[in-house]
């Protein structure tokens, strides 16, 4: 098969026409004009000594992998990658992900050598220092030039890289036209042993193989050492065979410590592969040191004497520290110019593209700017279009997801194999698939498809979504979908999205115990607390279709924040008189006011019905007057003014507040004095019966609220201070018997 | 290689000597006296019709897989598995795990047919009904007879099965003596497509292959259909090759719908494999229905007409419902007797074993009873043995972990490749490894080893630990270790432990932002909230070595609860005058009392030092008197009496309470009026500097507390009602810029 990706124009610099042709045609790198092995050795010596120096200054940091990966870095930054040091964010650049993020010094030093201006010598030396917001933090961070994604938690970067490669495929299939390729970059992903042991990495590898992402190259730094010693201590599988079975072209490099040419050869071949490529490169951790090949150099400095020995063995002056001779800078001096040429040729291609198809070009340019078409709001039903009959919120959400998915190319809608349950499949959807699979297994899809079957891989779904979102912020808004309980599988990836400010929308259906018969394994008691406490996450539990509309508006407006929209399986009473998207955007609002109230009831998501029914019963049976507050999102509420908060909660009125939610009360103490909540995992019972079993019914709630109201009337509100009342009992230890 | 596992005695029943010999020698099953194919067909027809009936009664449930797996069930329950329906908990039984837990009806019906008494017809019919605590919940639950582990969240069961197989290996290597095999059971694990797509399943498969757990047989119900349609939609890898590369013997069965003999053959071969076995069985989901082979029968009833059609096509009366003819019962009637014989032979072996080695036998019997030797408390340092100089709590914990690991066979100590950092490796530890790897890769270990290198696989580590703990409750107390932030990777497994009441101890080091230079990816802001809100989990953050001792005592005493002990990387001031293990066991206690106090400061874990220093500064600079409360565990505190709680918190004193912890304040509102807490992810800075940056220093805290104290003096404590003060600001959306 012909390579999908080609260089647009011959780059400037020292790559001759023959080399460009070699890359274009996927031939070997023999034609590339490589510098001499001696020159490479010289650069690697200086590189390795510098790494040793940096870690030595504070006696810590990760020296081993950066030293081991020196030759790989030369192959990538000097010869193979397409990028522009003067504009690291140039749209059509190759993406590079360091999934073994602890090796970040390696990347930092190459960024310095190739001329990325923010990566000064001083910055390099600030690694592990007390410098605030160093561009050389302990793991790579997306905020800094030349870093595509924040990595560190292992396996995440690999999954991100799959997302980055998908992004290219999808944009290319959507916008490229014959003779006009405006997106055709490669994604290079460096991994260590850990990334291919971690489940999230394995899930992502399977998907990339399935999708035949031939623009992805996974580069395995196979140094055979992990923190615990030899990698064999926990892994003895035949990785090459496994990767071939997973759909990869596998290439071996046996001397990854110094054979730059062999690495270049393998990398260049990856550009013309018909499958994703896995390059298995044998390296020596801590190469050059007496501790080379041992776990002792993984996460530690070498020691003063050993640093000196390393330099001596390399023929360098042991008394020179942090020294990069001019000839090493010169070695990389052509890169900025080549990068500018890459960028210029892309800009030129864009101009021609605009002439060819101004409409498509305008849309493409909007996406390059990371902007959503303004008419996204047309996908949100107007208040008067909302249903009035009982409707599951997963269905109300489906209406919006489907409209967004169908109409706006920025939305990639995925599911972890729950299409029949999560209501995200839209009419005439096209699956994201390799067109080759159409013949191989009769699948109907291609790379322009924006409906993504992730399989039963929730963690990779969310981690890949991070890559999609990070391709160029705003170009894609990935949507994922699964049952809310399974967002626990994906928690580490959602956290990485929050940490990086990556916008995405997670459709989390089957929330609360109302999911019913599937039982406690599927009832997400306690999952909400994680996301409510997590910085920069919006966790929104709408109570009806109108609040669902508000949730989507909040999610789309939060351009630097992942949002989880938490939805019911079961039908929910609609409250067109009371519910409001504007209120939802404020996080909480007065649902039903009563100036002469005895108690405030907080209703949340699918438990709003119990609040409203309890209000009715309390008045009918006991003459107790309740006001009701809807509280779909704690985080949004916390952004409001103190005055607004007080107007909603009336904390000074001397009246109690009771929250009703089928999760543990943990965290609601800020707003309420008592709760009807869950103190255990659930049970396998139909929705109605399980709610009743756990005391979620007006008949069960009303008497408890009545007692509380009477107690407060008698003794004053102060009695509740320090005595939060879990009406259903608090969380315990041990199983209930 | 000779099979490790052999039947102890010839079982009674219809298995002739030849069959036993076949099993023992790992020959084919040709010698087994199988019933005729026609008889099998008859049983399967009745079985499948019954499944269709059950799902039809409430119009829901999972019918497809149970119908497809009928032949597999006959092979397992009628011919191959060693178990005793009259005593499902007989110690040396084969373990069976239904990792595709949604197919539970299949298991329930076989348990009924083989005579498990609690599994009545009436119970079977209660599947998806309103019956409380049905033994037929929507997914299998460990509480019920014949269920080894609760399954449902996909991939978990497979990892549990690896743990169960490890448990056997470890017990066998520890206690079996030549001629005296007291533990030699097999573990059979049924998986669907999902379990081998999920990362946790893939991690566990890699480990079982590495460990050469030849007593594990993974049975793949390869029906090629998932919720989204053909499994090809998200997975097209060559699974057999992949499994071989991962260290498995792979056996194909091509007609899994009816070829009972072929399945028996494959299963029997697994008993004598030198590696774990992966049986790839092609089945048809919903076999017998017109919808067979489609996703429509995955999670749905067939419809009244189609149920009738199924019965007609099987030659059954469509008007008979839930009907199991006597001849089908008769088919399984030998099982209880055979089971009793298995058990009797084990009991007899135990008697002989006791005669041979009474000391070892006594220890073994204690473990069979699930009891820990009482001298475990000797592993906990006495108060007077505790350090007084600054000590990282990971080090204080290491002292105890090491003693437990070294001295008590019940403890299996594992790490996700962080041996150098988590301080759990004990002197003279023996690794759990296949002895064959000693020659293959020079590893030093065997199956009696109790130090487990899980590799970089946190999720599998915890899910496998669930299997270890579930082998026979109390026989093992698994310990895991990694950085606390990576317990987020494992969250779904920890949740399953809590749900099942499985005791285990998770050593979670590098908690809080004090982890330092590794940066925000490694600083577990927000992870604690998950575990504090999760039912039946103890999350304990000790402030010094004495509290660490208390944490271990709590963890060991909580026999139905997983415990996470959350520990610092950095050195912590020791408070021998104030800290107390008894106080720790109560969750919170008065650290420093002052009856004339102005403010209560709550110190938590590694942030206790800031509370104590602030107390000093407040008095010195402002004459403000503070009492200090140590609060290592919210859950334990919640178990205390109201009187005790009030004595610690003094909520009625009219004085403010401030909590100091480097996590978000979410959840502390129950006990405090204000917080010094984290409102964002962290940064890459050394421990001291990052604390200072986020306002964790007495100089930063004291003025804020002073202002609060003055405000309360002026306006009364009521002003704080509904106005929790996050001194560092609340959680926001968007990134900080």
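From the backbone N, Cα and C atoms, a Cβ is placed for every residue, glycine too.
The substrate binding site feature in TrEMBL is assigned to A:62, A:298, A:394, A:421, A:510, A:522, A:569. Summarising the annotation, TrEMBL assigns site 'Important for catalytic activity' to A:62, A:298. Among the features that TrEMBL reports, thiamine diphosphate binding site is placed at A:102, A:152, A:153, A:154, A:223, A:298, A:486. According to TrEMBL, the Mg(2+) binding site annotation covers A:193, A:223, A:225. What TrEMBL records for A:391-574 is domain 'Transketolase-like pyrimidine-binding'. Look at TrEMBL and you will find A:458 tagged as active site, proton donor.
Within 10 Å of the C-beta of residue A:154 (thiamine diphosphate binding site) we count 30 further C-beta atoms, all protein chains included. Minimal Cβ crowding within 10 Å, among the binding-site residues A:223, A:421, is found at A:421.
Other residues of the same chain near the Mg(2+) site, with their Cβ within 8 Å of the Cβ centroid of A:193, A:223, A:225, are A:65, A:192, A:221, A:222, A:224, A:226, A:231, A:285, A:298. For the recorded positions A:193, A:394, A:458, A:510, A:522, A:569, a Cα to Cα distance of within 10 angstroms from residue A:223 (thiamine diphosphate binding site) holds for A:193. Neighbour counts were taken at the CB atom with a 10 A radius for the recorded positions A:193, A:458; the maximum falls on A:458.
Cα to Cα, residue A:152 (thiamine diphosphate binding site) and residue A:569 (substrate binding site) are separated by 36 Å. Considering only the binding-site residues A:102, A:153, A:193, the residue whose Cα is spatially closest to the Cα of residue A:569 (substrate binding site) is A:153.
Checking the binding-site residues A:62, A:152, A:394, A:510, A:569 against chain B with a Cβ-Cβ cut-off under 8 Å leaves A:152. Residue A:225 (Mg(2+) binding site) has its Cα within 10 Å of the Cα of these binding-site residues: A:298, taken from A:102, A:154, A:298, A:421.
Counting only same-chain residues at least 6 apart in sequence, those with a Cβ under 8 Å from the Cβ of residue A:298 (substrate binding site) are A:62, A:64, A:65, A:225, A:226, A:227, A:285. If you take the Cα of residue A:153 (thiamine diphosphate binding site) and the Cα of residue A:193 (Mg(2+) binding site), they are about 13 angstrom apart, rounded to a whole number. Cα to Cα, residue A:193 (Mg(2+) binding site) and residue A:486 (thiamine diphosphate binding site) are separated by 26 Å. Distance from the CA of residue A:486 (thiamine diphosphate binding site) to the CA of residue A:458 (active site, proton donor) is 7 Å. Reported as a whole number, the C-alpha separation between residue A:510 (substrate binding site) and residue A:154 (thiamine diphosphate binding site) equals 29 Å. Closest in space to residue A:102 (thiamine diphosphate binding site), of the binding-site residues given as A:394, A:421, A:522, is A:522, taking the CA atom of each residue.
Mapped onto three states, the DSSP output places residue A:225 (Mg(2+) binding site) in strand. Close to residue A:486 (thiamine diphosphate binding site), meaning Cα to Cα within 10 A, are the following binding-site residues out of A:394, A:421, A:522: A:522.
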